[in-house]
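A.B. asks: Here TrEMBL flags A:21-39, A:51-69, A:81-102, A:149-174, A:195-216, A:253-272, A:293-311, A:345-367, A:405-429, A:469-489 as transmembrane segment. According to TrEMBL, the K(+) binding site annotation covers A:123, A:124, A:234, A:331, A:332, A:448, A:449.
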Ligand SMILES: [K+]
Ligand SMILES: [K+]
């Protein structure tokens, strides 16, 4: 309250500036209805009306929010980034649901439509469409993939610029590596500059991915939407059978490659781009560790498949294992078969991969491999300390000493992540799900991965209304790396905002 | 290697001193076969032979180990405590299995007998007897409860004196609170003094417990063995139906009370003893928090029981909930009905309680409530730090600032605990168990709690041979608070031992 009385205008001005940004964002977002309209005109021509209506609703709402604040030029502070980030996913998540509702195609309630929209924008890729993706109007499948891709644009900026700046869960580690004018303490110029550079990388990778998919036999339409979905590590597909639809092993290896590219830190992509040498990929110790874990998990998953002869050819078992470990690990969530019925620990090991493998600064969800590395190093340091109580034991990453504050922030992040996973799993069990299925649903959503187990392997349609809202919250919580959302929901944030 | 060359005699002398202690321990342990022999003479008179044989095998082996080392008086160092602690449970676990094997009563393999013996000494209370505890010779049921109680004696000293001294998982927190001559850096005198004081408390509480059980209607025999089992938070019973056998609600409340006394830090019991006032119980913030969590969990568990009318009377649902939350939370593992078939999240919430509720310095297993409190405080501090980046935010416990080294050691402990739970669950799934059942078995053993879910609700008889060995390792790992065992298994320990 003191700071409110002390600087009322500053606080109010900053709030109005956030209002201006939110309105402007909605106005821009309304134009993302144009590409689906174009797609609709090329194909069925049945959904142009709904998309046009959604465009106008979104644009007018945005304009009404923006207009009274349009002249506000107050400079935003770093911590305003928390609020803008939460608004980005929450507000766009709601408005993104409008065309899904209006088309009356597959979403029969606001809950289902908002679930699908939030699942798209958070790049989770869990769908509420029980069956029949192949029969949806092309415009809707395009729109879903586009939501992924737009969400991915937001995440890249969030992960490379916003989270390091805000220091969420130890991500201050990456402050120095953010491209753009980093010494600048102001929010807007830094983000604008960073976004420009990284989006160029993102657009280029998506374009290359689409061309490769097309060259390997996808239709132009499928190539476009699966490229959008891959680089966003999203997982929406235009086919119920996902990548399995194409029955094309070569294509599957290509999908694996681009999913891996989608999970690399975009600052590393930028370094490769600038140096014109792929050596930076190998120098990225987080990505190297991810690859090692993918190899280990692929071997562990392939083992029961081969032993029980799940597929007649052991080499098929290996390819299926590698594909699914990469798909779940990068939190993309594409499938080539129903891995939820695989024997022994295989299905749960895929879910475990979703927590661990994704890299920071990418579109992947999950705890992030770099946090896990710091966490393991911290645990090993505590063991060493018991044997050598007086030894100095700094934790290093790529040869550089990591500040203890980062290590401990990671510990805090990890505990909160585990805590929410447990509490949300209990909440989902109370909605009537079996424990393993409930855990799989929460893991699929908090890691922004997508597919669950058992009745939720194909879609989340079988979840109750209450359960869907819990999962909508879970997807946002995971995408916003928990703390970003917690802070905005915390009264202390508003008192000193 | 350098220290070996520098002080060869010191190292060798200390090793021989550990040998002397191990041999002596076995010789003493051999005499614990005497009470079951007395019990056998009072009842069936069928197992005196096997117990006598076990006595002689154990005594002679102990003597053979002790004799060549008997004159070694080398002073032990603090870190030798790791080795002695591991030897205590591993060696006694193996020798404790001898009478079980020799009686040919219910244990048909060395694996089953060692499982039962380790389960007794670690106070886990998981049994390999599928059915028929009520028909076992009295001497064997007495012996099983006695294993619990002896294990409890070891744990109290381990938890109050050894772990704080060694600093395992942040337990250096309790260094100042250990009764006895704490300033003394030598191992033996401090442990001897502490043990004397705490064992007196333990014996007294057990005696009172037995008298109360007898007064409330148990037979003298049942009162004795359930008192031994309660204060050790062990859980072995002489009845397949556990406490449910007695069909006595008043007795159930008494069992709840004594299970709670078994989970209080024995340093707090000692403070109550010395000050002749029970106010110290209430001043123990860890125990207060445990009680709050028990209340919360009881309400949450009672909810689905009442809603689905699992018991015809809602008050019965409440009593059953409180009993099982206390029993699982204190890691005793007594039951009054088959809680594994309770609806919704109730069974898993009981298992979750087993990780959390037990207090440090007691016979309870699990992560320990004080570690959880520090862990939550650390997580909340990281959230606060995001809002107020420059604030000084010390973590306090009972008004005193806790050293950050303790907080971070707790973080390391927690991560290793979760990590082992996950890896061991996958190992158990690979032995053929269902995921939830595998998780329940690992939780039951790593927390030294006892009962699992599904086919493992009553006993661990259905687990495969390999699975039983994994669980034996898991029980020891949990009981030795993970690090104690890890360090002794670590080559670095032996190089600088
Ligand atoms: K995904
Ligand atoms: K127990």
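Glycine residues also receive a Cβ, built from the backbone N, Cα and C atoms like all the rest.
Note: TrEMBL annotation is automatic and uncurated.
Tell me about the setting of these features in this model.
C.D. replies: With a 10 A radius on its CB, residue A:332 (K(+) binding site) counts 37 other CB atoms from all the protein chains.
Residues 29, 32, 78-79, 81-82, 85, 88-89, 92, 120-123, 180, 187, 190-191, 194-195, 198-199, 202, 206, 228-229, 231-234, 265-267, 360-363, 370-371, 374, 397, 402, 405-407, 409-410, 412-413, 479-484 of the same chain lie 6 or more positions beyond the ends of the transmembrane segment (A:149-174) yet place their CB under 8 Å from a CB of it.
Below 8 angstroms of C-beta separation, residues 156, 159-160, 174, 177-179, 197-198, 201-202, 205, 209, 212-213, 216, 226-227, 230-233, 243, 278, 280-281, 284, 286-287, 290-291, 319, 322-323, 326-327, 329-332, 334, 357-364 of the same chain, each at least six residues beyond the ends of the transmembrane segment (A:253-272), sit close to that stretch.
Long-range contacts of the transmembrane segment (A:293-311) within the same chain: residues 317-318, 320-322, 324-326, 329, 342-346, 349-350, 352-353, 356-357, 369, each at least 6 residues beyond the stretch ends and with a Cβ under 8 Å from a Cβ of the stretch.
Tertiary neighbourhood of the transmembrane segment (A:345-367): same-chain residues 122-124, 151-152, 155-156, 159-160, 171, 174, 231-234, 262-268, 284, 286-287, 290, 293-294, 297, 300-301, 304-305, 321, 324-325, 328-331, 339, 413-414, 417, 436, 439-440, 443-444, 446-449, 453, 478-479, selected by CB-CB distance under 8 Å and a gap of 6+ residues from either end.
Here the transmembrane segment (A:469-489) has long-range neighbours at 82-83, 85-86, 89-90, 93, 111, 114-115, 118-119, 122-124, 126, 151, 155, 158, 163, 166, 168-169, 171, 365-366, 413, 416-417, 420, 424, 427-428, 431, 441-442, 445-448, 460, 463, meaning same-chain residues at least 6 beyond its ends whose C-beta is under 8 angstroms from one of its own.
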A.B. asks: Against which stretches of its own chain does the transmembrane segment (A:21-39) lie, if we need a Cβ under 8 Å and a gap of at least six residues from its ends?
C.D. replies: 47-48, 51-52, 54-56, 58-59, 61-67, 69, 84, 87-88, 91-92, 95-96, 99, 138-140, 142-143, 146, 150, 221
A.B. asks: Quick test of the contact rule: Cβ under 8 Å, at least six residues beyond the ends. What residues does that give for the transmembrane segment (A:195-216)?
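C.D. replies: Counting only partners 6 or more residues beyond its ends, the transmembrane segment (A:195-216) has Cβ contacts under 8 Å with 149, 152-153, 156-157, 160-161, 179-180, 222-224, 226-228, 230-231, 248, 250-251, 254-255, 258, 261-262, 266, 269-270, 273.
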A.B. asks: An 8 Å radius from the center of the A:123, A:124, A:234, A:331, A:332, A:448, A:449 Cβ atoms defines the neighbourhood of the K(+) site; name the other residues of that chain inside it, in order.
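C.D. replies: So the extra residues in range turn out to be A:122, A:125, A:232, A:233, A:235, A:333, A:363, A:364, A:365, A:447, A:450.
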A.B. asks: Give residue numbers and ranges for long-range contacts of the transmembrane segment (A:81-102): same chain, 6 or more residues beyond its ends, CB-CB under 8 A.
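C.D. replies: Tertiary neighbours of the transmembrane segment (A:81-102) are 18, 21-22, 25-26, 29, 33, 36, 47, 49-51, 53-54, 57-58, 61, 110, 112-114, 116-118, 120-122, 140, 143, 147, 150-151, 154, 158, 162, 165-166, 187, 191, 472, 476, 479-480, 484-485, 487-488, 493, 497.
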A.B. asks: Radius 10 Å, atoms counted are CB only; among the binding-site residues A:123, A:124, A:331, A:448, which position scores highest?
C.D. replies: A:124
A.B. asks: Among all protein chains shown, how many Cβ atoms are found within 10 Å of the Cβ of residue A:234 (K(+) binding site), not counting that one?
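C.D. replies: There are 33 such Cβ atoms around residue A:234 (K(+) binding site).
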A.B. asks: Determine, from DSSP, whether residue A:449 (K(+) binding site) sits in helix, strand or coil.
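C.D. replies: SS state of residue A:449 (K(+) binding site) = coil.
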A.B. asks: For residue A:449 (K(+) binding site), list the number of other Cβ atoms lying within 10 Å of its Cβ atom.
C.D. replies: 34
